[in-house]
Each structure stands twice: as C-alpha cells, then as structure tokens.
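Here's the structure we're looking at; comments come further down.
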C-alpha cells in the first residue's frame, strides 16, 4: 500500500520498535518510517490509506487500528495510546483528524 512512498525495511523496524503494548509514540513512529521528510503529496497519500472509510477524517476507531495499515499482523493500539494519538492530532477539538491536522502532526 505504501510502495513508492515508504521503505518496507523502515516500516518493519518501526513496527518492531512499538511491539509492546504502551510503547507506541506517533512522533517516533513517523520518523522511523521516514514520513517526516516526505512531501505534502506523499503525506496526503498516506493519510488516504489510513482513512479507511474515506470520510476525509481519521477517527478514533481508525487510529486504534493504525499499525495494521502497515502490517496486517500488527497489534491494535491500546485505548490510552489511541487517546494520546487523537489528542496530539486533533488541533480543532472535533474528535477526529483531518488531512491538514495529520500533516502538521507528522511534521511535528
């Protein structure tokens, strides 16, 4: 799904680094997969993959399964990790993350 945008080896390393429950930190993950240095267009493509229901927003249920976009066997985020992730990205407080909010969070 991320071919041409992100390297498989970077994704594998990033997933390995957050295997333990409670260890996911979005900023570290974005850096490890190489997303921080990508263009706005590439970040938008990644957002489109994570936005499973194509609502133009990433909601809490999609964030919970965030890692599974990168590997089907990856774990779901814990409720605490999901809440922290949502709070970090939801700058306007509407309970979901839009593409501009996602891009701002990636660039951190």
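Here the Cβ of each residue, glycine as well, is placed from N, Cα and C on the backbone.
Feature annotations, courtesy of Swiss-Prot:
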{"type": "MOD_RES", "residues": "1", "note": "N-acetylalanine"}
{"type": "DOMAIN", "residues": "38-73", "note": "domain 'EF-hand 1'"}
{"type": "BINDING", "residues": "51, 53, 55, 57, 59, 62", "note": "Ca(2+) 1 binding site"}
{"type": "DOMAIN", "residues": "77-108", "note": "domain 'EF-hand 2'"}
{"type": "BINDING", "residues": "90, 92, 94, 96, 101", "note": "Ca(2+) 2 binding site"}
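The structure, with features from Swiss-Prot marked on it.
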{"residue": "1", "record": "N-acetylalanine", "DSSP (3 states)": "coil"}
{"residue": "51", "record": "Ca(2+) 1 binding site", "DSSP (3 states)": "coil"}
{"residue": "57", "record": "Ca(2+) 1 binding site", "DSSP (3 states)": "strand"}
{"residue": "62", "record": "Ca(2+) 1 binding site", "DSSP (3 states)": "helix"}
{"residue": "92", "record": "Ca(2+) 2 binding site", "DSSP (3 states)": "coil"}
{"residue": "101", "record": "Ca(2+) 2 binding site", "DSSP (3 states)": "helix"}
Residue 96 (Ca(2+) 2 binding site) versus residue 57 (Ca(2+) 1 binding site) - Cα distance in angstrom: 6
Integer Å distance between the CA atoms belonging to residue 101 (Ca(2+) 2 binding site) and residue 62 (Ca(2+) 1 binding site): 15
Integer Å distance between the CA atoms belonging to residue 55 (Ca(2+) 1 binding site) and residue 96 (Ca(2+) 2 binding site): 10
Alpha-carbon distance [residue 59 (Ca(2+) 1 binding site); residue 90 (Ca(2+) 2 binding site)] in Å: 10
Residues that sit under 8 angstroms from residue 101 (Ca(2+) 2 binding site) by C-beta distance, when 6+ apart in the chain: 89, 90, 91, 92
Residue 96 (Ca(2+) 2 binding site): tally of other CB atoms within 10 A of its CB: 19
Model confidence over the domain 'EF-hand 1' (38-73), averaged pLDDT: 98
Cβ-centroid neighbourhood (8 Å) of the Ca(2+) 2 site, 90, 92, 94, 96, 101 excluded: 57, 89, 91, 93, 95, 97, 98
Binding-site residues compared (59, 62, 94) - the one with the fewest other Cβ atoms within 10 Å: 94
Binding-site residues compared (51, 92) - highest count of Cβ atoms within 10 Å: 51
Residues close to Ca(2+) 1 site centre defined by 51, 53, 55, 57, 59, 62, Cβ within 8 Å: 52, 54, 56, 58, 96
Inter-residue Cα distance where the pair is the residue listed as 'N-acetylalanine' and residue 53 (Ca(2+) 1 binding site), in Å: 16
Between residue 55 (Ca(2+) 1 binding site) and residue 1 (N-acetylalanine), the C-alpha gap once rounded to whole angstrom: 18
